[in-house]
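To start, the structure under review is shown below, and the notes come after it.
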Amino acid sequence: MTSHFPEYIRGHFREGEILCAMGSHDEAYKCFQRALNLNPSCTEALNELAEVQIQMLCKKGYSRYQAGCAMEIAKDLKEAETILHAGLFSARDSEKYFSEDEDIVQPPPIDLPPSADLREDPTNPKKCCSLWVGNMTEKMTDQQVANLFKKYGEVKSAKHCTERFCAFVNFAHYESATKAMIALQGKDLAGNKKVILRWPDKVIYGK
């Protein structure tokens, strides 16, 4: 059908669904991409594409937890693989639990105006646990980055991408990520001038 009606978005979407059910994730990926090329704001295609990419990463030996976390902060599948290869997310992170009897202190309600850029909205509308940190120009180890942010809550993983002058920080709880953004947005941090903190695109748009 899609060969005869290449502009029919639903046709590409349905073909992708069928291929995905058959386990042909590489081909399904192409179908959802074609649907998004025709309509970039198609939420159904965005969601299915995200799921297919997670399945493709799982086939490479990563856990669903690792694949999902990487896709949250990566702009595409290739970057997600790079992040996972660098060891940003450990499979053991998904095994961290808190006792049901443990009291987790909730921060007071945030009374801040939302940002014009959803990726920098300090109210954290999607309750994201991960942060992208820009303007990280100083050379730092992953542990040093984690140490900078752990005062705001439990840091499950951190990765400094030296060549891109940025870092990724993954908290155990979204409240911690929220506090970090509010406290550090636009501030100088360990020699890094006016850092920029953002929520991952994939969490704000389409999920």
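Glycine residues also receive a Cβ, built from the backbone N, Cα and C atoms like all the rest.
Any TrEMBL annotation is an automated prediction that lacks curation.
According to TrEMBL, the feature domain 'RRM' maps to 129-202. Across the domain 'RRM' (129-202), mean pLDDT in this model comes to 90.
Through the fold, the repeat 'TPR' (9-42) approaches residues 1-2, 48-49, 51-53, 55-56, 59, 77 of its own chain, all at least 6 residues removed from its boundaries and within a Cβ separation under 8 Å. Annotation source TrEMBL lists repeat 'TPR' at 9-42.
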So how many of the residues in the repeat 'TPR' (9-42) end up helix, strand or coil by DSSP?
27 helix, 0 strand, 7 coil
In the domain 'RRM' (129-202), how many residues does DSSP call helix, how many strand, and how many coil?
27 helix, 23 strand, 24 coil
